């Protein structure tokens, strides 16, 4: 990687606001306040989603495209681009033009040509990229570290407030009901989100935000956000979330005890590799399946193993080029397939593979998955290890790594990678971008 001059990042901040650059100090404060409010709105909309209380999964990604989701995220992307043009320092903006990111973006667009609905798949890929651009804007507007913490705090409180409001006053939407398809989820909380698993993932991220605020000295707010988020995560009934939250905190912060950045990277990579071998690896290799059966007899990951085998068989015809974004599951190749007789249930009509990595391979092929692993796993680990020295940078890098690690591990059992409008994906991508910036630029200190 070529050397890049390390400059202050406020986060992703410009250098246009210097002493006397735009006028009196009052105008400076007004502009900073306006930017902070805009950043709060942007990050809150990305995490809250543009359509709260959707009451369940949409039927099919292609047929049920919501205009608010499509054009709303395009609008947020436009806001982010304007923010970059007006406020982002040139060298910081160039940091965002990472070659691997651009290659993956092009791959998503070109992969749409393989879809049976190329125009719809291309638009889906385009809106996915728009949401990713919007996420970078959430990091560009706050004028300093304190403002960025304020953005995270307000976002967390608004999301939590609306989720608890729904549970109390709109339970039909905020709590899974017995008449829904997944009757086993009856009574479990989902808040403003479509499913308890999505809510659990967001609550975990808010819990990590609480840890970050605590380490920054905002103890009361950290305690409030932490208690509310962990309590809500418990009521979602998501065992994966409840198990991963403490594990991820230990994995990331363990290295700090020894003053090392390499140890967390090693532990994260080991955890991701191990879970990958246990899940997808076990259905692709008889040897790994035997090892899994020896350690955990009868493990099927709640029936996911059968679904993955069914998926791997169906995708063989285009396993190197993929089927395009949002084109496989609602397409005839799945709906008209003959399910293997040994399956305990019929996977036809399901909306994803319940494995983000497998769904990425379905969309853009195995080479595309390799590029995705590079962008989402390997490069962020390198960025974390190269984080610019300084407590503010290191503490924020720990937050991003905790969120990213949790989402990467969760992606072996759930599908949200590169899913536009999915708050879990927005949090994942913001963490990737944040680590990239912290590896190249120093976070601007709090304004006096």
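Including glycine, each Cβ sits where the backbone N, Cα and C put it.
Values in this document were obtained by computation on a predicted structure and should not be read as measured data.
In TrEMBL, the feature transmembrane segment is placed on 100-117, out of the ranges 10-27, 100-117. For the ranges 340-359, 360-379, the feature annotated in TrEMBL as transmembrane segment maps to 360-379.
Range 266-284 is the one annotated as transmembrane segment, of 171-189, 266-284 (source: TrEMBL). Comparing 33-51, 123-141, 198-214, 243-259, 399-418 for CB pairs under 8 angstroms to the transmembrane segment (148-170), the maximum falls on 33-51. When averaged over the domain 'O-antigen ligase-related' (226-371), pLDDT in the model lands at 91. Counting Cβ pairs under 8 Å to the transmembrane segment (399-418), the stretch among 71-88, 100-117, 198-214, 243-259 with the most such contacts is 198-214.
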